[in-house]
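Taken from TrEMBL, the feature domain 'GS beta-grasp' applies to 1-69. Feature annotation from TrEMBL assigns domain 'GS catalytic' to 76-326. Residues annotated as region 'Disordered' in TrEMBL: 1-25.
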Amino acid sequence: MDLRSKARTLPAPVNDPKKLPKWNYDGSSTGQALGEDSEVILYPQAIFKDPFRRGNNILVMCDAYTPAGEPIPTNNRYNAAKIFSHPQVLAQEPWYGIEQEYTLLKKDVKWPIGWPTGGYPGPQGPYYCGVGADKAFGRDIVDSHYKACLYAGINISGINGEVMPGQWEFQVGPAVGISAADELWVARYILERITEIAGVVLTFDPKPIQGDWNGAGAHTNYSIKSMRRDGGFDVIKKAIENLKLRHKEHIAAYGEGNDRRLTGRHETADINTFTWGVANRGASVRVGRDTEKEGKGYFEDRRPASNMDPYVVTSMIAETTILWKP
């Protein structure tokens, strides 16, 4: 979750990442390289309009490599790109919609905004999609983020206040393949820049407050071409069975601290048990009522934590449901 950025000036506008120059940074200052061989090389991968500098300025999503051209260990985009470029995956056109939950904290005390310092607000109930100064905290940040993502060209499809006060959600998608992960990472970056301006701390911790409070997830909605066609419900059920068989592998890759969130309470399934159901928000995987009725559509993997790496999660779901054979 350690997003970083640097800026450079180019001689003319560029709208194709392949036409951007590679660049480098000091990997010894980020714990990604040794001081005696510290250069890490940035490969431009996706371009977005810059909502902060505007004009011809752009934001560039990059991944990182050694000078020899090997992906560094934290470069999860590299393996995701291999999966998403596989002919079978390309033929199925995987669509994603990712629901990113997050919490806004006071800078000095690391306690949710809108909460009494050292104390607690009233119990959950009125805050989800709530309106009013006593229910919605941080809407100016949330709306600024929404507008900035729309300006940037991110497929941000909505926002809402979440169940725990001071907690919000935005949705990215529908987006195809690796672009869903690129867009989510850039949307996270834009959000952290806006909270920086506002003097508020952003956290993606999956359970920022212990006790009877909802955690934060990144529910991942997913479909492939054969699920969206007539008879797709059978394809969905087969995909869910594959996810069940690889439950432990997925959980291990779905975000740090997820065990604090997936307790079987607060609209989650227990971390050790895979379940699925129609319209069941207490299941590992939820199938929508419309999907059941129409016999085709998508499903929602509710297991990923808010701090998951979307390159890992999206590509792993595609691999398990398209390429993996039990």
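Using N, Cα and C of the backbone, Cβ positions are placed for all residues, glycine too.
Nobody curates TrEMBL annotations by hand; they come from automatic prediction.
With helix defined as DSSP H, G or I and strand as E or B, the region 'Disordered' (1-25) counts 3 helix, 3 strand, 19 coil. Averaged over the domain 'GS catalytic' (76-326), the predicted model has a pLDDT of 96.
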